[in-house]
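Engineer: Before I ask anything, here is the structure I am working with.
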């Protein structure tokens with residue numbers, strides 16, 4: 001994975017670059033916000049990690065410019081800003097995810113992987129998780145090389161959990177995904193779908209946080 | 001309370017009072033006026049009285065002469081004179097002597113005619129023990145003379161009586177005026193009292209300007225000076241809060257750097273103390289991180305200007321799901337199981353951000369203080385009055401009612417002290433609850449055996 005890192009703090013930047021390098025990724029690191037939006041080959045990166053508190057140019061402006069020029073690479077923003085509205089604004093301006101400082105490196109790497117996976121599934125790559133192989137284009141799942149039939153809704157649910165592995169997805173998020181904004185979900189339909197996945201793919205696959213949501217543990 | 005009551009510094013020295021000062025000043029000047037007026041009365045009343053008495057004596061002499069000059073008799077009987085003149089004159093107060101051809105024919109003196117006395121036409125004369133001022137007139141045609149005498153002693157006593165009466169009435173009037181002055185001062189200074197009461201009853205954190213529309217002109221400068229002072233105080237406090245907020249923000253970057261760098265260390269498996277030390281550093285970083293977060297919450301809860309923050313209507317279950325999903329990693333670290341029991345479509349109307357701060361702190365506390373392999377359960381229900389109740393239960397050691405009462409003090413750590421934390425969590429929660437009109441109560445019969453708290457928030461309307 002080739003990552004563009006925009007971070008002015010040398011110690012944080014160094015640690016991020018070190019961690020990703022050891023995991024086999026390439027990190028191009030720039031420290032000045034003004035340079036970031038002028039990079040010509042920005043589409044050559046698989047994703048971007050953008051610190052919002054930069055000297056020279058505000059991270060929000062960079063974000064807006066990049067999206068304004070039609071670049072669609074996944075962007076994760078790092079912010080020390082506490083206020084919620086900044087986070088929300090960041091997402092409105094086209095960031096795909098955010099982390100508030102101080103974050104755990106593990107968390108950052110997991111989020112980046114999730115963003116990359118999401119991009120891969122959009123580009124019809126196969127996803128693997130333990131002994132599962134998921135083909136988003138063909139809408140098929142196989143477990144230990146055996147095809148498992150799933151309905152489209154259940155498949156979509158599994159894909160969403162897989163793209164966000166390690167992260168708790170709330171009941172409302174999953175329900176919205178299943179039914180869209182207008183659909184009225186029966187109160188136990190989500191449980192029905194989750195238990196279908198468990199029955200077909202393994203009881204311990206999905207972890208329940210009672211009343212809150214579900215999570216697929218990190219591989 | 002921000003402003004201590006202004007007590008006299010010395011116990012034996014009563015504080016200066018405008019009322020007493022005004023009253024004393026007015027009382028003294030009135031006493032001086034009384035004294036001067038009384039002296040003037042004493043000086044001028046006898047003089048004036050004497051003059052009017054003299055004028056009356058002359059008039060009496062004229063009347064009596066007019067009467068006597070047409071009288072044929074040699075001797076005038078007193079009753080006759082009284083009968084004729086008493087409806088026109090008060091004769092008793094004067095000595096009256098009528099002479100014809102040098103012989104007295106009438107005298108008002110007791111004991112009848114004292115013909116042996118020769119009186120001059122004017123001047124003074126001493127008869128017995130009394131001294132008289134004499135006013136005499138003469139009718140040459142009938143050779144009749146009338147002498148009217150005014151008793152000096154009587155005149156003196158009468159004038160003293162008049163002066164005394166005047167001074168007495170003056171004194172009574174002074175007392176009435178004084179009590180009117182006293183009441184006037186009291187009611188005149190009433191706005192000062194109500195102003196003081198108004199300031200006194202203020203909440204210590206309320207630094208909004210005092211309304212000056214109803215304030216009397218004389219007190220406007222005070223009100224405005226106070227408003228100016230509160231404005232400056234508010235500025236200082238805002239700067240302080242801003243400083244805390246900025247400092248906390250700025251701390252995040254080095255904290256991130258420390259964490260990121262520590263995570264780069266690959267501990268030598270041969271030296272288990274290394275990885276233990278690294279683990280401890282990470283715990284310390286988590287602690288610093290939480291403290292920074294809480295300082296931000298605290299500065300935010302203090303500066304929360306409720307008028308400027310919009311209330312929104314939102315689904316409480318969804319809000320709790322999102323918040324608790326964020327807290328799952330912390331809970332898992334401590335092997336604490338979270339659970340939520342919230343019916344769908346239960347809406348509340350309040351400042352969502354601040355409710356999140358309250359709930360996050362309550363839940364972080366519950367996670368922190370629940371036992372290892374603990375449980376933190378949240379349940380939501382709607383009360384009969386339409387308000388919503390959010391219960392947070394844990395299975396930790398709990399808090400006694402006294403400890404719960406003290407929990408609002410900052411940096412006060414309660415219950416078990418072997419847990420890390422600055423003890424800011426509940427202080428933040430209490431502060432925000434007070435601002436938002438929420439109530440937090442301790443449930444005396446906990447469901448899970450630890451601490452059970454109930455937060456009461458508005459319903460959808």
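Using N, Cα and C of the backbone, Cβ positions are placed for all residues, glycine too.
What TrEMBL shows for this protein is this:
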type: DOMAIN; residues: B:186-238; note: domain 'HAMP'
type: DOMAIN; residues: B:246-461; note: domain 'Histidine kinase'
type: TRANSMEM; residues: B:26-47; note: transmembrane segment
type: TRANSMEM; residues: B:155-178; note: transmembrane segment
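How buried are the listed features, and what sits near them?
Structural biologist: Residues 26-27, 30, 34, 37-38, 41-42, 45-46, 49-50, 53, 133 of the same chain sit 6 or more residues outside the transmembrane segment (B:155-178) yet have a Cβ under 8 Å from a Cβ within it.
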Engineer: Sort out the residues at least 6 away from either end of the transmembrane segment (B:26-47), same chain, that have Cβ-Cβ distances under 8 Å to it, and list them.
Structural biologist: 155-156, 159-160, 162-163, 166-167, 170-171, 174, 177-178, 181, 185
Engineer: Summarise the model confidence on the domain 'Histidine kinase' (B:246-461) as a single mean pLDDT, whole number.
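Structural biologist: Value for the domain 'Histidine kinase' (B:246-461), mean pLDDT as a whole number: 85.
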Engineer: Kindly report the helix/strand/coil residue split of the domain 'HAMP' (B:186-238) according to DSSP, in that order.
Structural biologist: 36 helix, 0 strand, 17 coil
